Amino acid sequence: MKITDIQFGMLRVPLKTPFKTALRTVNQVEDIVVMVHTDSGHVGHGEAPATAVITGDTHGSIIDAIRHYIAPRLIGEDIADLNRITQLIQTALEKNTSAKAAVEIAVYDLWGQLYSAPLYKLLGGGAPVITTDITISVDYIDKMVADSVSAVERGFESLKIKVGKDIGVDIERIKAIYAAVDNRALLRLDANQGWSAKQAVYAVQTLEDAGIRLELVEQPVKARDLEGMRYVTERVHTPIMADESVFGPMEVIELIRMRAADIINIKLMKTGGISNAIRIADIAAMYGVECMIGCMLESSISVAAAVHVAVAKSSVITKVDLDGPSLCQYNPVDGSVVFNESEISVGDAPGLGIREIRGLERLEG
Ligand SMILES: C[C@H](N)C(=O)N[C@H](CCC(=O)O)C(=O)O
Ligand SMILES: [Mg+2]
């Protein structure tokens, strides 16, 4: 099974409600879809969003990186040589992790198709059902309370609450949600870099002193401020999770050595795809550090790939934030990974098991 061509599409899916974080507001998933064609007629699918404020990647840069740097290296490569191909992708150019992720996902999809097995089985197996949280966008307090209660009523047992806008209001937001949810769900906070280290310690300690139990607090300070991450981690009881601070395996090793966070959020769009996600999970496991697997605003192509990784690495990936498809008005993908609110299950179809993508706009060239 040799690679013959790489084609592009654009997938647009409106969100149920605007997605608001300390970094941005988004109304729809708008992702590049990558189709890797082979001489056997098999097609592998990948996907990448343009999360410029986090990865630096735009739609244009994703297409350009693949078209001019990654694709020329892959034409003629045999899917059976998976490690060689992932190495070619990762060394094609610096950064551009979303472009690398989209192509890697498609290649792993083909690798599963080659051996007629669902990807998670080739990655080591596991129980093919996982549970995700759902994100509550940062907003007026009453709206966040209503969104949280509604999510609990829909069966979500973990809520990822976006904060990081205004420290005083953030504390009030969490107190109000905690009271309304009344132990029916775990609360995870994500400040998306919106606090200073001192503000983060103040906010978390204030909530702890008020008897509010938080499962974790994600990325309280600026991505590059590892000293700030450590400052917070050392001073609060609540586990601190690194998201924007860590992309690849080298950064994870540095973060763990510095003891700058308790938990690591792995996202395929930061790692450059599946090969580094697995590496990070293995490194974290060696150090006894737990991981979450997360997503950007992605639909159920790239999120399906993350689900396969989550299933195969469930001993170290103990937390799941793969709510991209749940945030969308509809699922454009007919595939073997089934997203049913908090429950995500994986079928037995080969690779990612994608049968059809509705509404895919082909991009020429
Ligand atoms: C969608 C997911 N639950 C999430 O919250 N991801 C964000 C970044 C998403 C984005 O801005 O596209 C995160 O964990 O920071
Ligand atoms: Mg985050």
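From the backbone N, Cα and C atoms, a Cβ is placed for every residue, glycine too.
TrEMBL annotations: computationally assigned, not manually curated.
Keep in mind the model is a prediction, meaning the values are calculated, not measured.
Feature annotations, courtesy of TrEMBL:
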- Arg24, Thr135, Lys160, Cys295, Leu297, Asp321, Asp323: substrate binding site (BINDING)
- 141-239: domain 'Mandelate racemase/muconate lactonizing enzyme C-terminal' (DOMAIN)
- Lys162: active site, proton acceptor (ACT_SITE)
- Asp190, Glu218, Asp243: Mg(2+) binding site (BINDING)
- Lys267: active site, proton acceptor (ACT_SITE)
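Listed recorded positions: Lys162, Lys267, Leu297, Asp321, Asp323. Those with a CB atom under 6 Å from ligand 1: Leu297, Asp321, Asp323.
Take the mean position of the Cβ atoms of Asp190, Glu218, Asp243, the recorded Mg(2+) site; other residues of that chain with a Cβ within 8 Å of it are Lys160, Arg188, Leu189, Ala191, Asn192, Val217, Gln219, Met241, Glu244, Asn265, Gly294. Most buried of the binding-site residues Cys295, Leu297, judged by other Cβ atoms within 10 Å, is Cys295. A distance of 15 Å separates the Cα atom of Leu297 (substrate binding site) from that of Asp243 (Mg(2+) binding site).
Residues Asp243, taken from the binding-site residues Lys160, Asp243, Leu297, Asp323, are distinguished by a CB atom under 6 angstroms from ligand 2. Mean model confidence of the domain 'Mandelate racemase/muconate lactonizing enzyme C-terminal' (141-239) amounts to 98 (pLDDT, 0 to 100 scale). In terms of Cα distance, the recorded positions that sit within 10 Å of Lys267 (active site, proton acceptor) are Asp243, Cys295, chosen from Arg24, Lys160, Lys162, Asp243, Cys295, Asp323. Here the candidates are the recorded positions Lys162, Asp190, Glu218, and by Cα distance the one nearest Thr135 (substrate binding site) turns out to be Lys162.
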